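Listed in Swiss-Prot for this protein:
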type    : residues                                    : note
BINDING : 15, 16, 17, 18, 19, 20, 126, 135, 136, 199  : ribonucleoside 5'-triphosphate binding site
BINDING : 36, 41, 62, 63, 64, 89, 90, 91, 92, 96, 170 : AMP binding site
MOD_RES : 60                                          : N6-succinyllysine
MOD_RES : 175                                         : N6-acetyllysine
MOD_RES : 179                                         : N6-acetyllysine
MOD_RES : 179                                         : N6-succinyllysine
MOD_RES : 186                                         : N6-acetyllysine
MOD_RES : 186                                         : N6-succinyllysine
REGION  : 35-64                                       : region 'NMP'
REGION  : 125-162                                     : region 'LID'
């Protein structure tokens, strides 16, 4: 088994269960889970230079452009150069993937393919704690008190773009941007696609895939 540092990426539309899969990979294999959404929230909260630039776009209801997200992630990855890591939410576009290429070779890419109806159902049951980014699902990860964050006691919200009428457009945007990224990694032989409606069914295959690349830190598979 290679002793080099593992560089992994997870791709998937909103509601695909990326966060859950990432947590399990981090727990079982000791990879640093680096979420672009989480890092963006941290930078917005602490008013960093890149956070202030991103805020200008978000306040106008615009997507944060590639060059801002890329700068945010490159800065974080520089500090993680001695660690195994797993990227979540980056790269989302071909421009971002090409920027990542300039600093490292990606060893492993997972793409989660979930049927639209499943995504719609999941997201209609999804509630967020805005300041931390904690995600709850009323079916399989409900808060202890309905509508309230477990840790802070602050109210949970449902994002506008999780609502069914916004989801189709959001999914189309994801697919359009992700298609060339998926093709790029497929052409390099590092892409592994998983289809299904249940994270627990996909997980054993993901676990086996990572076990072939890196020694688990748990003697037993953790769920």
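Here, residue 1 is simply the first one shown, and the rest follow in order.
Placed from the backbone N, Cα and C atoms, the Cβ positions cover glycine too.
Among the binding-site residues 62, 64, the residue whose Cβ has the fewest other Cβ atoms within 10 Å is 62. Comparing the binding-site residues 15, 17, 19 on other C-beta atoms within 10 angstroms of each C-beta gives the minimum for 19. Close to residue 175 (N6-acetyllysine) in the fold, though at least 6 residues off in sequence, lie 13, each with a CB less than 8 Å from its CB. Averaged across the region 'LID' (125-162), pLDDT for the predicted model comes to 88. Listed recorded positions: 60, 126, 179, 186; maximum Cβ neighbour count within 10 Å falls on 126. Residues within less than 8 Å, Cβ to Cβ, of residue 136 (ribonucleoside 5'-triphosphate binding site) and separated from it by at least 6 positions along the same chain comprise 126, 127, 128, 129, 142, 143, 156.
Rounded to a whole number, the distance between the Cα atoms of residue 170 (AMP binding site) and residue 15 (ribonucleoside 5'-triphosphate binding site) is 11 Å. Residues in the region 'LID' (125-162) partition by DSSP class (helix H, G, I; strand E, B; coil) as 3 helix, 13 strand, 22 coil.
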